[in-house]
C-alpha cells in the first residue's frame, strides 16, 4: 500500500512538473532556437494549407538573431519537389510577437511553448482584401503526445477554426528526406 501511494505521489509530482514547463508569456526566445518539425497546421481558409497551398510549409529549424529577430528555415513543395525557403521574421514591441512578409503581411505570436517539446503559433495574414488566420504546432521530435495535439485543437476551436481545417502533417510528406540530405551535406563539408 505504501508503495502504491509513493508511486501515485511521484506520478502527481511528475505531472505537475510537466505543466510547469509550459510557458505562455515572458518567453526566453533563445530557447526556441534549433530543430523543429511541423506537426499540425490549421487555418480558417483551408485552401491555404492544403497541398499546393501558399502556407503549406514544413519547418526545419528556427534561429534567433542578436536583435531577437527569427530566421525560419522551411521546406515547401514546388511542382512536387521539396524546396528550401528561409523567412526572416522581425520582432515587434509585444512579447513573443513577430511579423514577416510571405503571401501577404503576417503578424504572428507564440501562444505557448514547452521549449524542449513543442511550440504553438497563431498567425494573422492580410493579403490585399483577403484576411485569414493560421495555427501551427511544431515539435522538437517528428511527433508530439496526443495531449499536446488535443491542446492545439482546443486553441484552434477558441480561434473559431473548425476541426476539419486541422491537418495532421505527420501523415504527409514533410520533406524529411530533403532535411536529412541537407544535414548529410553539411556534415560531409565539415
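For all residues, glycine too, the Cβ spot is worked out from N, Cα and C.
The signal peptide annotation in Swiss-Prot covers 1-15.
Residues annotated as region 'IgE-binding' in Swiss-Prot, with experimental evidence given as evidence: 43-54 (among others). If one looks beyond the region 'IgE-binding' (43-54) by at least 6 residues along the same chain, the residues whose Cβ comes under 8 Å of a Cβ in the stretch are 77, 102-103, 125, 130, 132-135, 159-162, 164-165, 167, 172.
The number of other Cβ atoms within 10 Å of the Cβ belonging to residue 52 (N-linked glycosylation site), over all protein chains shown, comes to 11. The N-linked glycosylation site annotation in Swiss-Prot covers 52 (among others) and is backed by sequence analysis.
Remark: residue 67 (N-linked glycosylation site) has 91 as non-local neighbours, by Cβ distance under 8 Å and separation of at least 6 in sequence. Annotation note: residue 67 (N-linked glycosylation site) sits in a coil segment as assigned by DSSP. As annotated by Swiss-Prot, N-linked glycosylation site applies to 67 (among others), with the evidence given as sequence analysis.
Over the region 'IgE-binding' (76-83) the predicted model carries a mean pLDDT of 91. The feature region 'IgE-binding' is assigned by Swiss-Prot to 76-83 (among others).
DSSP assigns residue 82 (disulfide bond) to a strand in the three-state reduction. Packing around residue 82 (disulfide bond) is summarised by its Cβ count: 18 other Cβ atoms lie within 10 angstroms of its Cβ, all protein chains included. The disulfide bond annotation in Swiss-Prot covers 82-175.
According to Swiss-Prot, the feature N-linked glycosylation site maps to 90 (among others). In this structure, residue 90 (N-linked glycosylation site) is part of a beta strand by DSSP. Around residue 90 (N-linked glycosylation site), taking its Cβ as the centre, 14 other Cβ atoms fall within 10 Å, counting all chains.
Annotation comment: Swiss-Prot describes 91-97 (among others) as region 'IgE-binding'. If you look at the region 'IgE-binding' (91-97), the same-chain residues 6 or more away from its ends with a CB under 8 A from one of its CBs are 25-27, 29, 67-70, 107-110.
Summarising the annotation, Swiss-Prot assigns region 'No IgE-binding' to 100-109.
Taken from Swiss-Prot, the feature region 'IgE-binding' applies to 125-132 (among others), supported by experimental evidence. If you look at the region 'IgE-binding' (125-132), the same-chain residues 6 or more away from its ends with a CB under 8 A from one of its CBs are 43-45, 48, 55, 103-106.
Beyond the region 'IgE-binding' (139-152), the same-chain residues lying 6 or more positions past its ends with a Cβ under 8 Å from any Cβ of the stretch are 34-37, 39-40, 42, 116-118, 120, 166, 168, 170, 176. The region 'IgE-binding' annotation in Swiss-Prot covers 139-152 (among others) and is backed by experimental evidence.
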Surrounding residues of the region 'IgE-binding' (76-83) on its own chain - C-beta under 8 Å, 6+ positions past either end: 51-52, 56-58, 173, 175, 177-178
Neighbour count (Cβ, 10 Å) for residue 175 (disulfide bond): 22
